[in-house]
Every structure is written in structure tokens, then in C-alpha cells.
């Protein structure tokens, strides 16, 4: 049986502190502190694998292993504190979040209750994406991975122990190597899948389990000065150094998880294997304050993310140091209460009927909350007098026809209602997708057919390809290339009727390769992406030539010039400002005097290359729509007016903004 080791609590403390600092996104002289703090989760994985493998092997050797007992003990350890956090976080979410954000929260809550939130967040944003800092339950993905591992792994060990006991170490090592190889392959083609899912993470937990095969009996008993003594003193220090070095110096731009992740994983294994009384790392990691943090590390991990996220919603996107310290204290307060009043009572004592009833009630309340929030679309009436400000903030790219989302569909499954006479073809990326619903309605209103071809993050032009940086690696968007080829083949086929092509895409981003900075503190988060010409020439010229060619084929082009970008997530920016006012009337008064905007000169500088491209598209049947004439007046491009908000994030139009733009486009469809 594994004996209790205080220094491992210290390792947990290091892991959770690294994760917390990473999630705070603190910077010193422009460099993020603990930029590899996410490796703290990998340390947790190794420790968990070590712990449960040791428990299972010991019980099997004693002939007392029971699946029921194993899962019951794991549930007592994980579930009560987890459910308590979900319950309180849901109440705070109801009070703080905007309707759309509350709906997303409810969906993540539903997945967390089934311990499958890693799959939910895989289907959403990247862990390192801008939106991730507004996800209160994002951190639950790792708990889901662990629980899924707990479900499968005991059966694996049981089968091996039953039929191949002599080969247990080798078979587990083989499984770990296969998982690592899968991870290193998938991270190159789908980094988010590699990050979130169990098959690409299992190797970390299994390697932790393999440490239990090492006999620690003679550690520390070697004569001083001997080679063995020096090794035993050095190896835990080397392991801890590797872990800390990874957390401090290896940023999220590296492929992860991959062979690079072996550094903190093997460093953790070295520390677990060789740390012993008398070595400097053991003494440092066994200090009472460090052990104390380790004891509450699970609850601290549970609570820090909701605390950070809700603060960001109310106040600022980025923390000042004094704010960070305050939030850490608040997180510790929640964690200590959780540890003493929830974790310990459930883990160390028999589960009474009252405790079971408590868990069932929390489950029922949380499930009902998730269901009704989604059904009522986030309860917008919660916002009182400012309800109308946020009523049209829908993500219009979720527009559906016949139950199928139109945006980002493969060409063969694209939404289309063909007419024998005239057809409108909406072409572009998510900027086009954000107006799809309203352009569809306008097309039908004018008796025209409608086709939606809006692959995400894609121009739809087959003479260029989109590239982007994902965790440090430049990758091509191959689905975009496939979609663009099919779009071009369709438009250039002699059997295709002449179309009214409404071309809407984020050309300033594709041409500059840089995310938007408004110069006023609004810096779009996220990774850069750009286009390159397939022939190695000018991407700008390649797009221009293709558009002109389509016009020469007889298609009518409605070129929609760049939509002004804001740099701030507008609903959240407004919510932060209104959050400083408590009374409904003061919120309304504050909003009446609030117009968020960026200088039109900033817009002009950002879009000059795009304007030059679109201005030079040739053809008699080319029309031009200028969004800045809709949203920009008196030298400023506004994000809202006295009654409505034009954007549902930093650059995509809300329902109201989309209606305003489509009203201009409609003039050229007649």
C-alpha cells in the first residue's frame, strides 16, 4: 500500500499555483509569468495515475480489490466538492452572465454533470483562445479526463492481472507509448482534440502508474558520498527542476500534449520515485505552508477559475497584481471552506442518508438549472430595464435551414433554396455567416433563391490558402481549401446559372496576418492567420483576379467592404461598464451616455489594402457596399447606439447590426 508522502502534497501545491498564475495571464516586462503553467495539469495527471495504480495493485495483491469499492472511494473524493462548486457557480452565473453567455454556461454545466466536459469544450473554443477566459467551467475538462480514466483503467489492470500478470509493466508501458504516439500525431492535425480527449492524455496517467513498480525501499540508505547516495540526492532535484523549468519557460505555442510534454511528466516521475527524507527537495516540498496548499489543491483548482472568470465579466479582462492577489485570497477562502466542510466530511466519514440526499438535491437543482436556462435562452428578463439592449445579440452564424446549421457546412451539405430566375449566393467566412439569416429572408422577400457558402475562417477563393499559427506551428486550413475548390468549380461550371454573389469576408485580417488592435486598449485575443497565393505570388492579386474572373463569367458581384472591427468584445465591454452601476436606473442612464467606438482613421489604416483590392475588381456587373457608411459617422465607427448593440463580439455583427447591413445590400439585389 502506498504510504502518505507529504512532499507529494507540495508537488500538488506547485501544480495548482502554476495553473492559477497561468490562468491569470500575468505579465512582467511584457513576458507572461508561468507561461507553461498549464503543465500543472499534467503533474496532476501523473500524480493521479500514481495514486490509483498503487491502490488498485495493492488491493489486487491482497485479493481484496472491488470495482464497487474503488468507484465509491473515487466518487467520495471528487463528487461532493465538485457538485458544491457547480451549484454555487450556477447561482453566480445567473446573477452575472449575459443571456448568451449563460446559455453556453448551462451547456457546459450539463456536460460537467455527466463528467464529459472535455468533449464539450473540444467542440467549442480552443483552450488558449480568447473566449476561454470567459468560461467558468473550462477547467473541469481535466476532471472529466481523469474520471473517464478511472472508469476504464481498473478494467485494464484487472484483465492484465487476470491473464498476463507477469507482463503487467510491459503491457502498461506499451499502452502509454501508443497513447503518446497518438498524441504526437493528432496534435499536428487537430491540436484541440489532442489537448482535450482521453486517448491522447492517457499516457500521462499510465506513466504515473508505472512509477508504482519502482521499489523505493533502499532510497536514502546508501552511504554518504557514494555514487548511489549522490544519485538519490540529485535525481529528485533534477526532476523538480525540469518541472519548474517547463512551467516557467515553455509557452503554450509549443505542440501540447506531445513529446515535449514528456519533460514535465518525466520530471514528475523522477521526483515521485526518488524524493526521500533528507534530500533538499523533500524538505522544501514538505514545509507546512506548502503542504497546506497541497491539501486544499483540489478545491483550490475547482474554485479559482469561476472566481477569475466572474471578475473578468464584472471588471477587467486583464488583472493588475493587486487584483490578482485579492482573487487568489478569495479562491483560497472558497477552497478552505470546501476542504473542511465538504471534502473532509464526505471523504473521511461514512456517507449518511442526509449526505446522499444532499448530493441528489444538488444534482437535481443543477440539472434543472441547465435545462431551463437553455429553454428560456438565458432568461434575458433578468437584466431588468437593460433587457432590450442585449435582446439581439444572437450569434447569427447559428442560422439553420431544415434543422441544419448553414454556416461552415461542407459544400455538398450547404443550405440552398434554388430559384429558376435569380439566386443570391452568400460567399465568405464568419463575417458572411453573421448576416446569413437576414440575407436569406431578404432574398425570399424579393422572390430570389438563396445559397449559403460560408466556410469558417476561409475566403472561399481557391487561388489562395489560409494559414494560421496553432501552438507555434504554422498549419494550413485544409477543409477551407477543399471547400474553396468546390465553390470555384460550381461557379465556373457552364451548367451553373448566373448568380448574384454577395462577397463578405474579413480581408484586413487575411491580408495583414495580424489580429486587430484598436490602439485604445482593445486588442483582439487569438492567434494570427493569413492567406498566401497558391502560385507563390501576391495573395492580394490572386483574390482580385479570381473575383474579376467570376464577374467576366456573367455573375453579378456585390462586394461588401470590410466590416469595422472593434478590438473589444462589445457586449462584455458594456457589461463591465454597466457593472459599476447597481441600480437599474443608473445602468440605463449610464448606457444612454455610452457610445463605444474606434476612430475612423484606425479603420481606414486597417482596411487600406482591402479597399485597394476591392476597388480594382473589374466588371460591369460589380456593385459595392460600404459598411463604414452604416456604422461610422463624425470620424468614429460605433459599436452601439442608444437602443441597440451592433456586435455580438469584437468583429461579428449582432442581429441588429446584421439587419442594418443587409438593408444596404438589399438595394443591389433588385
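Please read every residue number as a count from 1 along the shown chain.
Cβ coordinates come from backbone N, Cα and C, glycine included.
Just so you know, TrEMBL annotations are computer predictions that nobody has curated.
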### Of the residue ranges 286-304, 305-323, 381-399, the one that TrEMBL records as transmembrane segment
286-304
#### Entry: From 114-133, 354-373, the residue range that TrEMBL assigns the feature transmembrane segment
354-373
### Message
For the transmembrane segment (12-31), I need the partner stretch with the highest count of C-beta pairs below 8 angstroms, choosing only from 193-214, 226-250, 286-304, 354-373.
### Response
286-304
### Contact set, same chain, for the transmembrane segment (141-160): CB under 8 Å, 6 or more residues outside the stretch
41, 44-45, 48-49, 52-53, 56-57, 60, 65, 67, 70-71, 74, 78, 82, 111-112, 115-119, 121-122, 127, 167-168, 171-172, 175, 196-198, 201-202, 205-206, 209
### Query
What parts of the chain pack near the transmembrane segment (78-97), using Cβ distances under 8 Å and only residues at least 6 beyond its ends?
105, 109, 112-113, 136-137, 140, 143, 146-147, 298-299, 302-303, 306, 310, 313-314, 338-339, 342-343, 346, 355, 359, 362-363, 365-366, 369, 373, 378-379, 382
### Message
Cβ pairs under 8 Å only, please: of the recorded stretches 37-57, 226-250, 286-304, 324-342, 354-373, which one is richest in them relative to the transmembrane segment (193-214)?
### Response
37-57
#### Entry: When counting Cβ pairs under 8 Å to the transmembrane segment (256-274), the leader among 167-187, 226-250, 324-342, 354-373
226-250
